[in-house]
Structures are given as C-alpha cells and as structure tokens.
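The structure appears right after this line, and notes come after that.
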Amino acid sequence: MSHTRLLFLSFVIVVAGSARADLVNKNVETVVDISSQLAKISNKVTVENVGKTTLKSLIFGVPAHLKERTSFVTAKVGEHLLRVTETKLSGQDGGFWKVDLRSDLAAGRTLQLNIDLVLSRALVPHPGQITQKEKQLVLFEGNVYFFSPYLTEKQSLTVNLGTNSVESYARIQPVSQSDNKLNYGPYEKVQPFQEERLNIHYENNSPFLTITRLERLIEVSHWGNIAVEETVDIEHQGATLKGSFSRYEYQRESQSGISSVKSFRTALPASAVDVYYRDDIGNISTSHMRVLSDSVELELRPRFPLFGGWKTHYTLGYNVPSYEYLFNQGDVFVLKMRLMDHVFDDMYIEHLITKIILPEGCHSIELSAPYAVERLKDTLHHTYLDTKGRPVISVSKRQLVENHIDDFELRYKFAKVLMIQEPLLVITAFFALFVLVIIYVRLDFSISEEEEHSRVDREHKDK
Amino acid sequence: MVTSAALYHLMWMINITIDIRNVCVFLAPFFSSLTTIVTYLLTKELKDSAAGLVAAAMIAIVPGYISRSVAGSYDNEGIAIFCMLLTYYMWIKAVKTGKIFWSALAALAYFYMVSSWGGYVFLINLIPMHVFTLMVTGRFGARVYVAYCTLYCLGTILAMQISFVGFQPVQSSEHMLALGVFGLCQLHCFVDYLRGHLSASDFQVLFKATIVATGTILAVITGILTITGKVSPWTGRFYSLLDPSYAKNHIPIIASVSEHQPTSWSSFYFDLQLLVFLFPAGLYFCFRQLTDANIFLILYGVTSIYFAGVMVRLMLVLAPVMCILGGIAMSGMLNRYMKDVDASPVILGMPAGNLAQGKQGDKRSKHKQESNFVMKSEIATLFVAIMCFFLISYTMHCTWVTSEAYSSPSIVLSARSHDNSRIIFDDFREAYYWLRMNTPEDARVMSWWDYGYQITAMANRTILVDNNTWNNTHISRVGQAMASSEDKAYAIMRELDVNYVLVIFGGLTGYSSDDINKFLWMVRIGGSTDRGAHIKEWDYYTPQGEFRVDKEGSPTLLNCLMYKMCYYRFGQVYTEGGRPPGYDRVRGAEIGNKDFELDVLEEAYTSEHWLVRIYKVKDLPNRGL
C-alpha cells in the first residue's frame, strides 16, 4: 500500500515538476484562530532538503473540503513575502499552492517558513436557527494535520477558540483543553496528504457579517480631489433568527441577541473629509466619526440591529486629496490606491467591484493589480461638462478578506492642456447665451408693425 | 411627476448627471420661484408694477405657500399653484386684450394645472363665475366672449386627455357651471345680436320666452341625465366644501384627515399674519377702481377665503390671492403717503413706471390737502414707519414660522432631553428600511392608510390602502381588522392576504399622533360600511363615554387587535420614573391589559423607541396541532 502510494506520489510530483519527494517537513507548528467569523491558520514550517539536488520551490495545500473556502494564502520567510501561485497536483482534489523560494535550498539545508491561510465560511452555524435569547454555536471542520505532499516528522496544533464553552471537539489523542485553547499533538510521522477531520462545535458570538457585494467607486479629478464611494450590501450570515424579535428583551437583557450586530467600525484614510453615510432613503443619523492620527474611524450603526439572516445596504463616501495618491511626470500619471478598503475587522467580502473613473481625455491606461483580478469591460461615464465621456476601469473579484487590502497601480497618459477644456466650455456657453440675448434685444423680429403704430398712437395722445 | 422626469432627462441630455432624487427635492423651490414671478406679472396686470413687486415679495415668504414649497416637499400642490396663477395671468391677459393667442395659452396652462392637481375644479368654476359676474354687471363683450369660448373649448378637450379626468368635464356636476356659462355666453351673444335687429317691445317678448324655454329645457335635461346616471351625483368632497358639517356627519373618512378640518382663526393668522388685515384693504382698493380684472380678483379672493375656511388644506389656494390683495393694499397705501413724506416735489420711493401718473395726481392732491392738513409730512412719515414696522414683523413672522413649523421633516422626529441636547427619533425610516431589506419582496403590509405612501416609497412593499385609496370599503375593511378581536381580525387578514401588520405607537416616547389616538377614526370608518356594521363606536367608550386605555376602558377596546399590537409586552416597560410599568405617556395612564400573548401574530420588528411596531401574520396552524 505504502509502496504504491509512494510510487504514485513520486509520479505526481514529477508531473508537478517543481517539488521533489526529497523534501521533509521537520517540524510544523500550526495555530488555528477561530474566534472570529474567519478561520485563520498560521503554520510555522521547518523544511529540510533531504534529497541531493537544489530546490527552488515547494508545495503545500488544503484538503478538498476546504479548497473552495480558502480566501487568502501567503508564505513568508522571516519578513519577506514569497511568491505564491495556485497549482494542481493530478490525482489530488485538494487545493495546492507553489511557493517560489527566494534563495535556492541546497541539499541538506533547512529553511523556516510561515505559511498563513485564511478560510472564510469555514464556520457553519449549528444549529442554523436560533431564537433571540440563544447563543450562537458554530461548527468548524478543519484538518488536524498540515496538508502537504511531503512527510511531516512532527506537528503540533493549537486552536484558539476565544471562548471556553465548547460543545464537542475531535478527540485525536493527544489532546487537551486549557481555558479557551485546544492543544493537539504533537503527532509524529504524518504521512503526505493525510486527512483527519478537526471538528469543533463551540460558541462563537462574534459578528458573522458578510459583505455580499461591495462596489467601490473612485473618481479622480486632476483639480486635486479624489472622491471615493462605497456601496455595501451586508448580510448577517450567522444562525438565522427563529421566531419573533422582541425589542423589550433586546433592550432589557444584555444577553439577548448576543450574536446580533449593533454597529461596526470602519477605518478610512487619515485624509478623508466630507464623509457621508446614507442609504436609499436618506442620511442614516446613527453614526459617529473620530479623527485619529493615522486614520478616520467611523462607528457605523445600521438603522436596525442585524440579526441572523437580516440584511442591510448603505453607501459610504468621502473625499481625499489627490496629492497622496496621484503622481505624475509630464503627461504620465500614476494612481496608487487601495483596491479595496477596510469595512470592519475580520470582514469577508463575497464580491468586490472596483470602478475607477478617470478624467476625460485619459488614454493608454494600464492597470497592475496586487493579485489576480478579473478586469471588466471599460465603459464611459458621462457627467457634468463632459463631451465624449470619462473612461471607467472596472475590476471584479470574489472571496476577499482583510488581508487583501493592498494598492493597485494605474498608469495613464493625460495632456494637461485638456484641463482648461471644461472652463472654456462654460465660458463659451455663457458667451453664446449673452450674444443671443444681445441680438434679440437689439433687433426687432416682429413681422407686422402693429407695435410701432400703437407706440406712435400713444405718443400722439400724450402730446 | 412628468415635470420632474422631463427636467431630469433634459439635464442628463446636457450631461448634468443630477440624481432624480435631487430633481424632486428641488422641484418645489424651483416652481415656487416661478410662482413669485407669475405673481408679479399677474398683479401687474391687475394693478400696477409697484403692487406686483410687493405681492411677489410677499408670496416669496408667505408661510401658507412655503408649507408646500420647501425643498423636499415633493407634492403636486407646489406645481399646481404655479399653474393656477399662470392660468389666471393668461386669462386676465386674454380678457384684457381679447386675443385668441392669450386664451389659447391660458388653455395650455389650464391643461398643465389639470394634469397636476385635482384642485383644478376650483379654477374651472372660478373663471366661469368671473364671466357670469361680468355678464350680470353688463361688462360682457366680444373680448370676454372670445377669451372664454376659446379657453373653455380648448381647455376641456385638453383636460379630457388626462385619463384621471376622462369624461368628467361634461358629466360631473362639478364642471356644470363652466358648461352652463359657456351656453349662456352663446345665448348672451345671440340675444345681443337679436337686440340689434329687433324693436324693443318685440325683443322683450322674445327675451322672456327664450329664458323660460331654455330654463325648462335645461332643467328637464339635467333631471333626466341625473336620473339616468349620466351626470354623476355630487361627490362627497364637494358637499363638504359647500357645507362644512356635511363630512363630519356623513363620511368619516374625509373628516378623519386633519387637513380637511375647518380652519381655525389662529391658523389663518399663523399662515398669513399681516395679510389677514391687508385683505379687506386690498378688496377696498379693488372696488374703488372696478375693472374686469379686478372683479376677477375680488371673486377669487372671496371664494378662496370661504374655501380656506372650510378646509385647512385650501389655505394654499388662498395664500396667493392674499398676497396679491395685500400687495395692492400695501402699495396703494404707501403710494398715497410716500409722496407726502418729503414736502419737496421730488418723489422718492416710487417705481419709475408710476412716476408720470404720480406727478399729475400729486399736483392735484397737493392743492386740496395743503389747506386741510397740518403736519402732513409728519403724519405721512409716521404712517410709513408703521407700515415698515408691519412689513418687518411680517418678515420675522414668516421666517419664524418657516423655521419652526415647515422646515423639519415630518418623518424624523426630534425632541429635547433634560440636558437640552437633541434626541433624534429616526424610527420611521428604521422600520421602513427593515421592511425593505428583510421581508420578501412580494410581502403585503397592512397599516392604516396614513402610512401608505411612506411604506410604498421607503419600504418598497405592497400595501393594502394608501393616501390615494378611493375604495372606501377597502379602507373600512382595514379599520374593521384593527378594531376586531384577534380571531376575527385574523379572518379578515387572511381574506386580505396580509403578511405583515404595521402600527405606530407613541406611548413610550410621547408621540401623540399615533394609531391609538387615530383609533376612533378607524372604528368609525370601519363601522361605516355594511360588513362592519357590528363595529359600533360606543363599544369602545367607557359607560361614562370616555375613551380610556387603562383598567377602566371598555373591554372591547382592551381586546381589539390594535390595542394588543400597540401594547404587546409594553406592560413590563418602565417609561417614566415614579410610574408603574406600562405607563402610556401619551394617554397619561397605566394600560389596562398587560400580560397577554398574541396568538395569530408574532412581533417581527419594533423600532428603537417603539414608534413603529411590525408584526408578522402567522400561517395557518398545521392540521392536528
């Protein structure tokens, strides 16, 4: 059995072409943080090249049931980020990533890596419906072992629950519970691709808010302003509310509706001004803004508390000065801004659409995104004093978490002369209007001379 | 609506990407500024440009009109007043000149008015009345004939294009005056024509015979048409205009609207202030110098002040004419005294247009007055000063009224807490937005009709009855559901296919116009149709005839659906220090029925200050349970 497996494995690795069976995970320390709505897994991996050749890359992965839920992956050596690309291993239906090492790993050498994963939707409310006074229990199904194509010699796992009320957890010995942590392992000689479900059923009342759709609109003006507007659809995707909502209990008992969300904090850039927070039916009067040294913090309170299954929708907008984000040399401009921004801590965005509206007359537009995004069709936007319309660059991405907050770069060309086009347009329009009025007042367009007669008549009478 | 859409598309066409919402918000102020201009033109036609300026300045700030023209009051009335004044202006122009051009324009303006507001009925009765008065006073001539016939024919044909109006202009009794006067016009002209060709005695005989014959024929025709139902009977709204007590006695639904209540004197003063006193003075000035146009103004003033007295809402129609008459009076009086302020012949403060006339009049009056009065200049100065004082106080009053009464949105309430900070009650929007986001899109919401429009617009959900529901029995059915006990109400709610029920409850915050205070109207309206005959207003009073929600209250009231929905779980809440739990701050009483459960409904949402409570209608229980 193990023979065939090894054979098969080597075949797989040959196919993958980048990793060898002669890598071994000497030691893996995994920390799983499931105290929020996301599952954050950080692995401290020590790999050793037991083969004879020098290695340039290695591979790690997640089991099949977590593949779709993995939102974010990073690998670091010390503080240096490594390039991670998604890859496939034939015969395996899990998700795999290839890490390009910064320096080659010579035979017999070891290297310590930090591999972090963020899983979204990995915590399933169980039961799926609760009444207002019940607490929210969720079920986490992870993997006990570090999922790797290589042999793991020693692994230990710590689960951070954020609570000490646990209904049940997978008892894969050795395991112990201390306070709000579960300690698994150490396990020796974990085979490649070994799976063991890590089932934990525990209480989690942290906000289970999902941003089902975030549309971020960045409108650039060369007159010194960048307007940002975010339209947000939020849904509480925790256990849905069963039965009635009682305002009386909600107001009187602090434990009532503990999994519901009253408000959340959004951090905006420090230079944000003219902040507005509204929805389809007007300004939402329940929000507070605090200007901190490095950001503007908004405490947003939806119109109503969000219970499980409840949705809301709002628009948040602000202005930032363009000198912080827009750089130019001659006619070449570079816009460097965040592709998405913070909405609340431990957020999860299902679908992001970012639109960038550039001034009229921009051309040769090149976009470089920090990660793979889907570029939508460019459109034109017509607004005040436009003649042929402003170019709009749109990108879309699914499944994002806080770690995705990163800058994009947009390079374009714009002749500065065009800036006076709009003032000129206004001047010309008014000039034409005045000329018309002058002509109309000075000249007599009447066909008959009736008016003249009556005027003459009147003058006669006056005399 | 069409207007704002047209403006919106026009703006977009020239790449002004303004939100349709902003168009709507600024539509009323935009049209009120146009109204100011039209008022100037109209008054100028009626009197002179000086009076026009004063009238325009007055209408710009008169609270009676500002109530409909503040930004955000997206209402048909805002446009309608502009249309009405525009029609009047065109009409006066047409009467003065006798040109078809002006009366055709008047017909167009009338068409716009018809399409915007149901109050056009006032207009189509006032103009014929004007024509009729002109006939009676012997001022009828070819000019008026041309003007009226063109306006009536064109205006009626155009008005019939509006689907809402349809064939009403020739069928309903509200339009009969116009039709009758139109007929009279023809007769009058025909008679005039005959008079020119016949001797006086023959004419007398013919005249009498014609009148008797026409009268009889008309009466018979009207009778037949009314009986066969071709001419609709007088509608309730019209009766309540003619007889203020009619609605109170017969149609509870009309009487339940606060805007349809008779106007109190204080609200006249509140909305018009100085103009109330200038109105008779203006009438005096009109009578002193009677012209065709002035007769119109007098008629307009007198009829509208009557209607405004019948219904608060029609204050809106009164406000412009008050301003016009006020402007005429004010400018007339100031003109009279201003020239005496300075003894020197140079006249200051008189508009240029009047200069020529003023000078001539001045010389004449000087001769007379110099002998009669001492301290002429001082008295004049005093008078002008007093007038200035009045005008300033008018301005202050208007500003104050506007800021106090008409500037705050009615949907967001605010109150002062004891430390004088502002508390905002945004409960309506909170609850409506909850409905919008968290109920199925096809959910049907039952509420009292006052909130119909708000729910449709803000919550985007289907409602049963709204502010424009004409079906009286439907509203009555909702009233019956609210006034019945739970199981009977459930049957009605199943019948009406309701998913959610919304009530407004002010007992926690002290918001007095809530559903419990409106409840008696629901009972009355509910009981006004056949199916609700079992609902009797007296069952909801105590034996002493009081409407009480505490223990003394009638058991019917304490167990009806509305009561239960408003006070569900309220019995445990402490609202005020030193009071028992369940103390209702509006009624000032501890509620009588505290611990009850709802069987057929469940609380779906209650807003933060309990102002809006939404209940979900439970499905039928499974069989065998």
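Any Cβ shown, glycine's included, is placed from N, Cα and C.
Unlike curated entries, TrEMBL annotations are predicted automatically.
Per TrEMBL, the features are as follows:
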- B:6-325: domain 'Oligosaccharyl transferase STT3 N-terminal' (DOMAIN)
- B:20-43: transmembrane segment (TRANSMEM)
- B:49-66: transmembrane segment (TRANSMEM)
- B:78-94: transmembrane segment (TRANSMEM)
- B:100-123: transmembrane segment (TRANSMEM)
- B:144-164: transmembrane segment (TRANSMEM)
- B:176-194: transmembrane segment (TRANSMEM)
- B:206-227: transmembrane segment (TRANSMEM)
- B:268-287: transmembrane segment (TRANSMEM)
- B:294-311: transmembrane segment (TRANSMEM)
- B:317-334: transmembrane segment (TRANSMEM)
- B:373-394: transmembrane segment (TRANSMEM)
- B:435-503: domain 'AglB-like core' (DOMAIN)
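Between the transmembrane segment (B:78-94) and the transmembrane segment (B:317-334), three or more CB pairs separated by 6 or more residues in sequence fall under 8 Å, so the two stretches touch.
Counting same-chain residues at least six beyond the ends of the transmembrane segment (B:294-311), those with a Cβ under 8 angstroms from any Cβ of the stretch are 46, 88, 91-92, 95, 122, 126, 129-130, 133-134, 137, 139, 240-241, 244, 259-263, 268, 279, 282-283, 286-287, 317-318, 321-322, 324-325, 328. Under the criterion of 3 or more C-beta pairs below 8 Å, with sequence separation of 6 or more, the transmembrane segment (B:49-66) and the transmembrane segment (B:100-123) do not qualify as touching, having fewer than 3 such pairs. Between the transmembrane segment (B:176-194) and the stretches B:20-43, B:206-227, B:317-334, the greatest number of Cβ pairs separated by less than 8 Å involves B:206-227.
Long-range contacts of the transmembrane segment (B:20-43) within the same chain, counting only residues at least 6 positions beyond its ends with a Cβ under 8 Å from a Cβ of the stretch, are 3-5, 7-8, 11, 49, 51-56, 59-60, 65-66, 68-75, 78-79, 81-82, 85-86, 88-89, 92, 320, 323-324, 327-328. In the domain 'AglB-like core' (B:435-503), the DSSP tally of helix, strand and coil residues is 38 helix, 10 strand, 21 coil. Long-range contacts of the transmembrane segment (B:317-334) within its own chain (CB-CB distance under 8 A, at least 6 residues past either end) are made by residues 35, 39, 42-43, 46-48, 50-59, 62, 64-65, 81, 84-85, 119, 122, 271-272, 274-276, 278-279, 281-286, 297, 300-301, 304-305, 307-308, 349, 383-384, 387, 391. Packing against the transmembrane segment (B:373-394) from elsewhere in the chain are residues 58, 61, 273-275, 330, 333-334, 337-338, 340-343: each is 6 or more residues past its ends and has a CB under 8 Å from a CB in it. Taken together, the residues of the domain 'AglB-like core' (B:435-503) have an average pLDDT of 86. Sequence-distant contacts of the transmembrane segment (B:268-287) (same chain, at least 6 residues past either end, Cβ-Cβ under 8 Å): 47, 58, 62-64, 67, 294, 297-298, 301-302, 305, 308, 315, 318-319, 322-330, 332-333, 390-391, 393-394, 397-398, 401, 405.
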